[in-house]
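Participant: For reference, the structure I am asking about is given below.
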């Protein structure tokens, strides 16, 4: 099949390039402008990580549908002496109120100074607990569409910082204002995602290009993997735009698309271009080293492209399928955000391999001998030796084959040492804390973040409750339950109000004196409340409950996700190698490597090491993504290495020699690709969003550990210990492998490298 693909692509390279160019233009237009329905960024959502059919989701849905009026925007004023000069502040607030009431899309404006009794509970709810500020509630018109509501929110926020604040400055020049709403919070997160995306790619792409130039020794070859990356990412963004019409697409998926698209496209492009240059060099060596001309050169290029796609193309296809299946484990999770991220990652994975199998070979065919000739960089004094040392070309004997033979000489020592090191890296995972706190995604230092913090600290009645409970009974019947809740450790305030849209339903809000709304004290309180039996049905929600439900849903889906991954790896690696042992070994080693990397990531962030921000734990959905993506990338390098080792084994070399030669041929590609990918991942760490920092650092650690400790040391050591058992399969499976077109092992000959 891959030989046929190579022939078709090399026979019609211009057609494939034009086809991809048209697809790129169409999908980029859709992603940027849309078709009158807004571009991708306009259609993204910044929703919390909820769990369908959970208690917390029920509470969220019921409280969301309870309010028949439009969205409420809260404008918080600070730096005014409400407690000491009520008349003066009231006069200033009254004068400022009109600046908000006249805004298009605003239905009403409400503050404490409109009420006859400043000591009433309704008035006190709108006054700062420390007496230095007040809150103004701006209610928008009912029935506003998403874009209309967004525009109205922005107009209110602009007025709050403009004419409204100017009116307060007439009273006190030190007054300040912050604006908070659900829409403004979501918009701030989406804007931050976009900024981090631009910042990450502006760092990653130039660094990747420089490293690729060093590896390939020239700009032409270096540019090919990046062409595949840019095309797959942009087409993937267009595909996501289409997906927004089917389901909500979270803004975080943009960074995931970029990270995975860059990583895989560079990996696959690097392998394909390197294999082409290797095959071309072998062809030229057989022809005396002289470059032919005319039709003879075209025939040589086409034959080399066919051979490259048949070998490296097969490898990247197995890798992509394995990665896609690893990521597909997210589809069995109940959380929509994980399923959407999984869909985006699978899409960009398939696009990356499609570009590598068609677009990149087509461009190679058009470039022809220019990828084989020594580049101008190789003639720069001092660079030739550097390029020869770190370039993509390699022989059957070199630093990696010598490393492998040293490992072969002492396999048990190497294996035990690496396992001990990985175990030490994994040790912090025992104290790993998972957290899901949507508020932490807001940009630090932003107006909306500052306003949110002020509400949480100084306005208990307006703050997001630590725990929200919906009880299936009338408010008077909840008196005993409310009393029990108030007696709980850490609870400072409990209120029970009627859910107007739902008969015989009561909303109970519980405020706790906790530094972390999703920390152990809050989640323990959720568990304690859920264990109570007030005599009627209750649903427990809020941030801590959402975290508990989200974590539980991942734990419930994990066995099914693992089953998908295990089945896929066993089948795909068996089809590639014909071995039953190699896939089992890969599963065990990669799982161990993944856990070790996750432990190291937790240690870095929970301790604030290496200049990283100190956090109370890792984001729950980020851990799920790290497990899926990290395992997939580990399998990526496993496939690269095993494909070359299997070639030598099937060509008749003994196990140890096949391992040595396979590592020598793939070692530079694996380490070069890993170095570039690590640079790409760390480029995204330059952004502000903690979740993206965590996934960038986590994947960088996973790739670094996998490409060095695992691929260069642990895999050769274990393959040496197992010897010929590496290639064992039960006879029925061996017959099936041969029937599927697998190669029989020969006694003589050599791999045609």
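Sequential numbering from 1, following the chain as shown.
Here the Cβ of each residue, glycine as well, is placed from N, Cα and C on the backbone.
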Participant: Give the range, chosen from 226-246, 289-309, 373-393, that TrEMBL lists as transmembrane segment.
Facilitator: 226-246
Participant: So, by DSSP, how many helix, strand and coil residues make up the domain 'SSD' (226-366)?
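Facilitator: Looking at the domain 'SSD' (226-366) with DSSP, the answer is 122 helix, 1 strand, 18 coil.
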Participant: I'm a bit unsure how to read this: which one of 226-246, 316-333, 617-635 has the highest number of Cβ pairs shorter than 8 Å with the transmembrane segment (587-605)?
Facilitator: 617-635
Participant: Any residues 6+ beyond the ends of the transmembrane segment (12-32) with a Cβ under 8 Å from its own?
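Facilitator: Here the qualifying positions are 39-40, 231, 234-235, 237-242, 355, 358-359, 361-363, 365-366.
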Participant: Of the stretches 203-220, 345-369, 617-635, which racks up the most C-beta pairs under 8 Å with the transmembrane segment (253-273)?
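Facilitator: Against the transmembrane segment (253-273), the leading stretch is 345-369.
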Participant: So if I exclude everything within five residues of the ends of the transmembrane segment (669-687), which remaining residues of that chain have a CB under 8 angstroms from its CBs? That is, six or more out.
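Facilitator: Counting only partners 6 or more residues beyond its ends, the transmembrane segment (669-687) has Cβ contacts under 8 Å with 192, 195-197, 199-201, 203-204, 207-208, 211-212, 215, 255, 258-259, 262-263, 266-267, 270-271, 274, 390, 392, 612, 633, 637, 640-641, 693, 695-697, 699-700, 703-704, 706-708, 711-712.
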